[in-house]
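Chemist: Pulled these features from TrEMBL for this protein:
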- 102, 104, 146, 148: Fe cation binding site (BINDING)
- 70-163: domain 'Pirin N-terminal' (DOMAIN)
- 216-320: domain 'Pirin C-terminal' (DOMAIN)
């Protein structure tokens, strides 16, 4: 069956027909729905235009920040960007390494913790720690200077995604959206579990507001499980395999292993099969392209070189969004 079968917006007159096909139970977690499919097994790939894999890139290790190691998924020679996505890192950091004070302007960062904890603080006085399973969705807008450092001993791992902002949103005031792990909506269907960081899947929707329309789903598939997720046809989409190996697009394709980025072509949905005996975990990310010029200078992303030059001047002289930088340093 296709994912996202039951929506909160489903018409009341259609609900009886939908519910005849499913037994639905809600666990003690108010954000979790478990679907049990009792229909006969049929070909679930009922997309009018299934998305196929058009590119596969291995995310290789590189140094970032102060002694940190990342696997750069997007933002490397083989895959410079995928509108509206500018970069994605699979990071691993242990004290004293980390990401000390650094600026951003013109986009959003989404940090999703897979293991351990990261403490964040910025020049506006915002400070907090995100733990395993938590998400911080930061809109840098006109300017932020912050630090991201491991909280405690051991290895701390996560994913950080950079999402571009449209020209009209690049200079908005910074803001944060933070979700604790237990507050991220989740659902399960026939051995496929999803955590909905942004967007909607299996009838549950994330509360996160995405200025650049975005879907961010964390899927875990048990052995022999499969999932079929609708994606708006005009959006770009990719998957990053965190653990295991999966078959993406069509059943007869060769499995793709962990630490690969899979870029999908056009279509209205993605199908994934776990044909192995081990669990598969991957994130599926999709977004509406901005179709605007991108001029990037490190952590600054604007539309023209003149805007980049102005940003560098603003940062250097602590003005136009960077006023608080003059006397600030993280602790």
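Glycine too: its Cβ is placed from the backbone N, Cα and C atoms.
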Chemist: List the helix, strand and coil residue totals of the domain 'Pirin N-terminal' (70-163) as derived from DSSP.
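Modeler: DSSP composition of the domain 'Pirin N-terminal' (70-163): 0 helix, 63 strand, 31 coil.
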Chemist: Using a Cβ-Cβ cut-off under 8 angstroms and a sequence gap of six or more, which residues of the chain neighbour residue 104 (Fe cation binding site)?
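Modeler: Residues satisfying the criterion: 138, 140, 143, 144, 145, 146, 299, 300.
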Chemist: Tell me the Cβ neighbour count for residue 146 (Fe cation binding site), meaning other Cβ atoms within 10 Å of its Cβ, over all protein chains shown.
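Modeler: Around the Cβ of residue 146 (Fe cation binding site), 23 other Cβ atoms lie within 10 Å.
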Chemist: Centre the Cβ atoms of 102, 104, 146, 148, go out 8 Å, and tell me which other residues of that chain have a Cβ in range of the Fe cation site.
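Modeler: Once 102, 104, 146, 148 are set aside, the remaining close residues are 99, 101, 103, 109, 120, 122, 144, 145, 147, 299.
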Chemist: Tally of helix, strand and coil residues over the domain 'Pirin C-terminal' (216-320) according to DSSP?
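Modeler: Across the domain 'Pirin C-terminal' (216-320), the residues distribute as 13 helix, 49 strand, 43 coil.
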Chemist: For the domain 'Pirin N-terminal' (70-163), what's the model's average pLDDT?
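Modeler: Here the mean pLDDT over the domain 'Pirin N-terminal' (70-163) amounts to 96.
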